[in-house]
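J.: From TrEMBL, for reference:
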DOMAIN    43-292  domain 'G-protein coupled receptors family 1 profile'
TRANSMEM  27-52  transmembrane segment
TRANSMEM  64-84  transmembrane segment
TRANSMEM  104-127  transmembrane segment
TRANSMEM  139-165  transmembrane segment
TRANSMEM  202-227  transmembrane segment
TRANSMEM  239-262  transmembrane segment
TRANSMEM  274-294  transmembrane segment
Amino acid sequence: MEGSRNVTQIVSTFIIIGFPSSRSLQILFFFLFLFMYILTTIENLLVITIIWKSRNLHKPMYFFLGNLSFLEAWYVTVTVPKLLCIFISDNKQITFTACMTQLFFFLFLGCTEGVLLTVMAFGRYVAICNPLHYVTKMNWHFCFVLAVCTWITGFVIAIIKIYFISQLTFCHSNLINHFYCDVSPILNLACTDMKQTEVVDFVLALIILLVPLLLTCLSYLCILITIFRIPHSSGRKKAFSTCGSHLVVVIILYSTTLFMYARPSRAQSINSNKLVSVVYTVVTPFLNPIIYCLRNKEVKAAVYKLLSTN
């Protein structure tokens with residue numbers, strides 16, 4: 001189907017524009033994204049394996065880190081394989097059903113990650129501010145319930161959004177000016193009244209973005225107050241090092257997300273949107289295992305132990 005503003009029939013197949021460039025650049029992008037995709041998948045699977053195999057890492061902190069790695073191994077799989085197909089074969093078509101499926105899993109995993117990082121921040125709060133009650137409060141039953149609630153929250157938010165978006169009729173154009181099916185580019189193609197869909201999308205985005213962010217900030221405010229009350233600098237450094245990696249990941253996630261979804265529409269640029277999207281869909285899942293594990297002595301010790309045993 002031709003991508004044109006004059007299209008009058010209902011669109012059943014979309015065309016993802018991706019990153020228009022010369023053929024040589026397309027090949028270069030293919031190998032670059034393929035390399036990052038393979039490395040990201042291997043990194044996250046290694047983290048899961050190390051946590052699973054090492055008894056010393058059977059702690060709430062690493063339980064949630066394993067959840068995060070599992071999530072991000074799938075998160076990067078939602079967008080990158082289709083992008084690789086576009087680079088190598090120039091096949092930019094995607095059916096309506098496939099587009100809605102991609103969007104669902106993108107929203108599901110993205111929303112789940114935001115809530116999961118908040119749960120991890122709460123775990124750090126209990127460990128630093130209430131260390132004597134950490135074992136009783138963060139028991140395995142409670143951690144399992146938190147993890148299940150995290151995944152259910154992401155699923156519910158995503159399914160509600162997808163339901164309203166899928167009810168729209170698309171007939172203005174079939175060109176998605178992005179490298180995957182995202183909410184805003186899709187809504188721009190709708191030719192039916194979408195006030196209700198926009199309100200639902202805005203309210204749910206507000207809930208899933210601001211509530212976890214505020215709870216995370218509150219947790220870190222309490223953590224910082226507790227750390228500053230520690231009399232010795234070595235104690236303060238040790239306490240802060242336990243949550244430094246998580247804080248870096250939170251800053252990267254919310255800075256890119258707020259840049260994408262909290263700017264005025266006039267200030268938005270399609271090219272900048274694509275570049276920022278690359279950061280939180282490809283670069284962040286690639287960096288997170290490195291950020292969490294590179295300076296983590298327990299993980300390093302577990303890796304050395306597993307290697308020596310083998």
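Keep in mind that glycine also has a Cβ here, set from the backbone N, Cα and C atoms.
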J.: Might you confirm whether the transmembrane segment (27-52) is in contact with the transmembrane segment (202-227), defined here as three or more C-beta pairs under 8 A between residues 6 or more apart in sequence?
T.: no
J.: Near the transmembrane segment (27-52), which residues from the same chain, at least 6 beyond its ends, have a CB less than 8 A from one of its CBs?
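T.: 19, 21, 58, 62-63, 65-66, 69-70, 72-73, 76-77, 80-81, 83-84, 87-88, 282-283, 285-286, 288-290, 292-293, 299, 302-303, 306.
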J.: Which whole number is the mean pLDDT over the domain 'G-protein coupled receptors family 1 profile' (43-292)?
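T.: So the average pLDDT across the domain 'G-protein coupled receptors family 1 profile' (43-292) works out to 87.
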